[in-house]
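Here's the structure we're looking at; comments come further down.
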Amino acid sequence: MKKLLGGPGTVCGLLLRIGQCASAAASIGVMVSAKEFSVHTAFCYLIASMGLQLLWSFGLACLDVYALRGKKDLQNPILVSLFVVGDWVTAMLSLAAACSSAGVVVLYEKDIKYCNTQSQYPCLRYEVAVALSFVTWIQIAVSSHVTFWILASV
């Protein structure tokens with residue numbers, strides 16, 4: 001198998017997973033700190049999706065640390081297949097959550113101008129949480145493409 005930058009068991013792969021954890025946790029934190037987020041289903045889905053992403057990325061980051069400390073090779077076909085499926089599933093869920101939440105934010109901000117008339121409504125926090133979820137998705141997309149290409153090189 002090819003050793004690609006950002007693959008499982010590499011320092012770059014560990015940094016990608018840590019970035020995914022950090023941006024997913026930040027997205028959850030900002031969204032939860034906004035009042036009345038639970039009224040909107042898309043925002044609840046964003047929190048659930050980012051929570052799953054956080055758990056998946058944290059688990060793989062721990063596995064990367066284990067592999068790096070013990071000089072283990074994580075790039076065998078069975079493990080990489082698991083990484084590919086998990087990464088693609090979480091990537092699709094994260095993208096769906098980010099897009100649906102962005103749709104709600106655009107509706108309130110631009111279309112019905114609810115944010116202009118309701119000054120106490122936390123539109124900026126919603127926007128930041130959605131932006132962080134897109135950052136998370138970009139990072140998981142990179143990871144999923146790298147693991148896919150590693151699997152394809154078997």
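In case you wondered, yes, glycine gets a Cβ from its N, Cα and C as well.
Within its own chain, the topological domain 'Cytoplasmic' (1-10) has Cβ neighbours under 8 Å at 16, 60, 63-64, 67-68, 72-77, 79-80, 83, 142-143, 146-147, 149-150, 153-154, counting only residues six or more beyond its boundaries. Taken from Swiss-Prot, the feature topological domain 'Cytoplasmic' covers 1-10 (among others).
If you look up Swiss-Prot, you'll see 11-31 (among others) marked as transmembrane segment, on the strength of sequence analysis.
Non-local neighbours of the topological domain 'Extracellular' (32-42) in the same chain are 97, 100-101, 103-104, 121-122, 125-126, 129; each lies 6+ residues outside the stretch with a CB under 8 Å from one of its CB atoms. The feature topological domain 'Extracellular' is assigned by Swiss-Prot to 32-42 (among others).
The transmembrane segment annotation in Swiss-Prot covers 43-63 (among others) and rests on sequence analysis.
Sequence-distant contacts of the topological domain 'Cytoplasmic' (64-77) (same chain, at least 6 residues past either end, Cβ-Cβ under 8 Å): 1, 3, 7-11, 13-14, 17, 150-151, 154. The topological domain 'Cytoplasmic' annotation in Swiss-Prot covers 64-77 (among others) and is backed by sequence analysis.
According to Swiss-Prot, the transmembrane segment annotation covers 78-98 (among others), on the basis of sequence analysis.
Taken from Swiss-Prot, the feature topological domain 'Extracellular' applies to 99-129 (among others), supported by sequence analysis. Across the topological domain 'Extracellular' (99-129), the prediction's mean pLDDT works out to 89.
As annotated by Swiss-Prot, transmembrane segment applies to 130-150 (among others). Same-chain residues lying 6+ beyond the ends of the transmembrane segment (130-150) with a Cβ under 8 Å from its Cβ atoms: 1-2, 4-8, 13, 16-17, 19-20, 23-24, 26-27, 30, 46, 49-50, 53, 57, 75, 80, 83-84, 87-88, 90-91, 94-95, 97-98, 101-102, 105.
As annotated by Swiss-Prot, topological domain 'Cytoplasmic' applies to 151-154 (among others), with the evidence given as sequence analysis.
Away from its own ends, the transmembrane segment (78-98) comes close to residues 1, 8, 42, 45-46, 48-50, 52-53, 56-57, 60, 130, 133-134, 136-137, 140-141, 143-144, 147-148, 150-151, 154 of its chain (Cβ-Cβ under 8 Å, at least six residues beyond either end). Here the transmembrane segment (11-31) has Cβ contacts under 8 Å with residues 5, 37, 43, 46-47, 50-51, 53-54, 57-58, 60-61, 64-65, 68, 125-126, 128-130, 132-133, 135-136, 139-140, 142-143, 146 of the same chain, all six or more residues outside its ends. Residues of the same chain lying 6 or more positions beyond the ends of the topological domain 'Extracellular' (99-129) and with a Cβ under 8 Å from any Cβ of it are 27-28, 30-31, 33-37, 40, 42-43, 45-46.
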